[in-house]
Amino acid sequence: MGDNSPEQKAGCGSLITSVFRHSLWPRKTSSASSLPLPNNAASNDTIRRKSASKEVVYVDAPSRNTSTARSVTKSCSPNNNNNNNNNNPQRRNQNETTIPPRPVPVPSKASMATQGYVNQGRRVQKEAIGISGELESMINDHQKSKGSGNLVRASSGNVMLYGNLGNIRQGYKDNSYSIAMDNYNQYFENSSSNGGGQKKNVVSISNETKPAMNSGGGSLCRAISTRMDPEQLKMMGNEDYKNGRFAEALALYEAAISIDPKKASYRSNRSAALTGLGRLLEAVFECREAIQIDPHYHRAHHRLGNLHLRLGETDKALYHYKQSGPEADPDEVAKVKILQAHLNKCTEARRLGDWNTLITEASNTISSGADSAPQIFALQAEAFIKLRRHQDADNVMKKGPNFDVDDCTKFFGPIGNANLLVTRAQVDMAAGRFDDALEAAQKAARLDSNNKAAMKVLIKARAVTAARGRGNELFKASKFSEACIAYGEGLENDPCNSVLLCNRAACRSKLGQLEKAVEDCSAALSLRPSYTKARMRRADCNAKLERWEASIVDYEILLRETPGDEEVNRALLEARVQLKKQRGG
């Protein structure tokens, strides 16, 4: 055609390149630049695009006539074509002349293979293939080596065909590349969507040891560039693990496992990454998989021994230490025996009801290495409940690991996990978390229907929760006498419930029974000294009784706990003024 200048063709190719590059390929960032380019990359890229745009596009569509091909060419022409035609009347007249159509040559398959045709349709010069083409060839090579020919891309640096001509990937059950990449991407999507939410099966990590959670863009690009070789993925994961990037290491190990799930070292390394993230029970399950694949894998045995030590499973820890061969350390075996001695003392103290000794020995057990053993934290919390130190019991349970219920059942068994849930239900109920207590008690009863303690706690949780609900509804309706009775019914089932005591004190205060209200608040504070609402209510009742000194003591404690509370500050100043007047000052 008369207006097909090289500059115009390059413009068309650049336009299509910009559209498809922005829509289909992620923009490179400084954090993901794992594929460096030479200094003259910009100029070479421009040359490649211009040279590629001069090539004729052949498509296996013989039914298309030449008018369609010419319309496509005209639609791609930039606006400067019109300017050129307007400036040259002779050329404009030539363009209006009908040109006989040319047949579109369709190359043979043999010539396609030798001349560089992509997907039996388009010829691309070798120098026109950029980084995207290199990555595509890597992926295609990997698919061919795995016997999969389903990954087809009808694309180049400038043009990608629409519809069923490009990006064809039919379902393939053993597509290791797809599994690995989906696994990798899904992991980081889940990590970002969780945000600051609570994660299951996680042991708390201090700020000093918290790993750096970087984005996975760089590792993803590196993973593609390795042609998805599982050993390379493992090495990359090891590098991230050494640098404290446990999340990235975990994703790379999982990608390696999806390609070669029967490699014990990949499972063991994944267990290490899970341990670094505080997900100890999952780490145990992964180590077991590694040992099942290779029963004589010493490092996996040693790693599993360490995990059982932290979880308070001394017999299992000792067994795996002995199976770890050259990985075994005599000091670790000695540490297990010391831990076992403390556990025996805990068991004996609980049997005798010596709760103070149980608290001490539980602390010794935790400091001896069982820092993630939920049963030890539960024993200590149970001792605090027996001593009516509900606030200490709640603090202990918060310090312990927060494992998923199903994983705990899998690891400790239904009976063992039911006992843990019974203690948790008692602590939740003492802290006023009635719904959580009821849920934990119900789960415990389902796991072990013969557990008498679980059934007892379940009955109590139901009664207390119902009484609290009735009392709250009556209090909102200003039926203070009936509300006081409802809270009293709940206290018959749980006489030491600080929340019910504080709520009954509120009713008695409304009814003018200030002395009884002070008694209920004092009882609640003896169970939970940091119960702010009970202390505030007692200070208010003492102020109404003109017991200014007692009121000032409570207000000063509240002000230390909440320094910016204006209400407390005003009440404290008023109490001091009234005390001064009372003394005749």
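Backbone N, Cα and C define each Cβ position, glycine as well.
Sequence annotations record features per position, and here TrEMBL assigns compositional bias 'Polar residues' to 28-45, 63-77. As annotated by TrEMBL, region 'Disordered' applies to 28-112. Among the features that TrEMBL reports, compositional bias 'Low complexity' is placed at 78-92. Marked as repeat 'TPR' by TrEMBL: 230-263, 418-451.
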Taking DSSP H, G, I as helix and E, B as strand, the repeat 'TPR' (230-263) contains 27 helix, 0 strand, 7 coil
Determine how many residues of the repeat 'TPR' (418-451) DSSP places in helix, in strand and in coil. 27 helix, 0 strand, 7 coil
Per-region confidence, the repeat 'TPR' (230-263) (mean pLDDT, whole number): 93
